Amino acid sequence: MKAVILLSGGLDSSTILYKAKADGCECHAISFDYQQRHRQELQSALTVAKKAAIAKHQVVNFDLRQWGGSALTDDAIDLPQQRSLDEMSQNIPVTYVPARNTIFLSFALGYAEAIAAERVYIGVNALDYSGYPDCRPDYIEAMQEVFRLGTKQGREGQPIKIVAPLINLKKTEIIQLGNELGVPWELTWSCYAGNDVACGVCDSCRLRLAAFAELGLVDPLVYA
């Protein structure tokens, strides 16, 4: 079974890559260089894909800095730092990139239909503190309908399936799953700051570090 995997190089997407492999899929990973602040994740995506020895990995290039609207695509917007988990849960953060998962899933859908893949794996999870609107179950359900209505395969009764195995998992549970699957955490990248070493203070770093600490584990990634 062929599957397209949305691979950022982060903790979640690396876990779903290994999950797709465990599911017996022939994995075709796709990553995006959209001129994001944290482009270091692309090197992690390349390294993780190589380590996993998948069928194919490619990077799609486009520039979302032309639009801005996010701390990840506009350097004039400061990254939140040193926020507590409670503070992160108050509202949609400035690190939300407008419609990013819709853009990514559209590319993944086109790629999947072109290579006759049956599945698209995405690492969204609705229980993270950063409550992005395009990481929620109702969004995935709506996009599944787009997959059904917007493709030849879908209209012929064989829609490409969106697989979101992390959708109801907490970060600690994702790490536990990744450990079972053998995900190489030391190769992954979560930091938003755009430095050569993970900052340890942005929301993404803090969520990751807190989850490892809650499990009594040491995060193998090096932090500043």
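Using the three backbone atoms N, Cα and C, a Cβ is placed for every residue, glycine included.
Source: prediction; values computed, not measured.
Secondary structure from DSSP puts Gly9 (ATP binding site) in coil. Swiss-Prot lists Leu7, Ser8, Gly9, Gly10, Leu11, Asp12, Ser13, Ser14, Thr15, Ile16, Leu17 with the feature ATP binding site.
Per Swiss-Prot, Zn(2+) binding site is recorded for Cys191, Cys199, Cys202, Cys205. Long-range neighbours of Cys199 (Zn(2+) binding site) (same chain, six or more residues apart, CB within less than 8 Å of its CB): Gln81, Cys191, Tyr192, Ala193, Cys205, Tyr223, Ala224.
Cβ neighbours within 10 Å of Cys202 (Zn(2+) binding site), excluding its own Cβ and spanning all shown chains: 24. Around Thr15 (ATP binding site), the C-beta neighbours below 8 angstroms that are at least 6 residues distant in the chain are Gly123, Leu166, Ile174, Leu177, Gly178, Leu181, Val183.
Looking only at the binding-site residues Leu11, Leu17, Cys191, the densest Cβ neighbourhood within 10 Å occurs at Leu17. The two recorded residues, Ser13 (ATP binding site) and Cys202 (Zn(2+) binding site), show a Cα separation of 19 Å.
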